[in-house]
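Novice: The structure's right below; bear with me while I get my questions together.
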């Protein structure tokens, strides 16, 4: 089965927040994405609410429950106590933990699974006890996969930012793709499932899907939102689904 597509709504939320107005509607755009065939919605609610607001979370949860019960809600963020409280309140199907500093513009690195084990392991245990599937943001580093598994997580999410940044250098892109592929191979061998996200496009997704055919999910926001300005949200979701292999 091809990788499922989760549409990250942060870029939509950031555009809305440029004005003190309710549009574009984060929930409304999420509805368009799901109606066009996306398998889920992702948000990263940061402490300063500079894009996704805490008030968006119950609306997205209700959208999925009431209109698209087959879809999944993925909430990602740094596992502070405030973040964990949000997760436990709004009950996403998946929680993706990222090692972000609150001031970061965007996620730009994965966990050090050995050094961060003491932090992650009890948090993963708490989330799993709550019934959540847990994914951990990961650099392309095959050596870290056993330690990732030992936290108790279900999945890793491969950070594909470097791969996406080589959009005009095919040799570097191919080299980074192989690093991602070897990390996925090690994750599968350790018993983990594999997601991927960051700077993925219809141009670079097919090669990623070919190298990692058992990829479970891709979470895409910036590139998908940029394409939606040209092709509309429904048309863009279709393009990304085809790039995944659907």
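Note: Cβ is positioned from N, Cα and C throughout, glycine not excepted.
When I checked Swiss-Prot for this same protein, it listed these features:
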BINDING   8, 19, 199, 221, 222  3-amino-2-oxopropyl phosphate binding site
ACT_SITE  44  active site, proton acceptor
BINDING   46, 51, 106  1-deoxy-D-xylulose 5-phosphate binding site
ACT_SITE  76  active site, proton acceptor
SITE      157  site 'Transition state stabilizer'
ACT_SITE  198  active site, proton donor
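Context for these features, please: burial, neighbours, distances.
Specialist: Sequence-distant contacts (6 or more apart, same chain, Cβ under 8 Å) of residue 221 (3-amino-2-oxopropyl phosphate binding site) comprise 7, 8, 9, 10, 11, 42.
Every protein chain shown contributes to the tally, and the Cβ of residue 44 (active site, proton acceptor) ends up with 23 other Cβ atoms within 10 Å.
Cβ neighbour count for residue 51 (1-deoxy-D-xylulose 5-phosphate binding site) (all protein chains, 10 Å cutoff from its Cβ): 23.
Under the DSSP three-state reduction, residue 157 (site 'Transition state stabilizer') is assigned to strand. Sequence-distant neighbours of residue 157 (site 'Transition state stabilizer'): residues of the same chain at least 6 apart with a C-beta under 8 Å from its C-beta are 96, 135, 136, 137, 138, 194, 195, 196, 197, 219.
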Novice: Can you figure out which of 19, 76, 198, 199, 222 (the recorded positions) comes closest in space to residue 46 (1-deoxy-D-xylulose 5-phosphate binding site), comparing Cα atoms?
Specialist: 76
Novice: What Cα-Cα separation, expressed in whole Å, is found between residue 51 (1-deoxy-D-xylulose 5-phosphate binding site) and residue 19 (3-amino-2-oxopropyl phosphate binding site)?
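Specialist: Cα-Cα distance, residue 51 (1-deoxy-D-xylulose 5-phosphate binding site) to residue 19 (3-amino-2-oxopropyl phosphate binding site): 12 Å.
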Novice: Sort residue 222 (3-amino-2-oxopropyl phosphate binding site) into helix, strand or coil using the DSSP assignment.
Specialist: helix
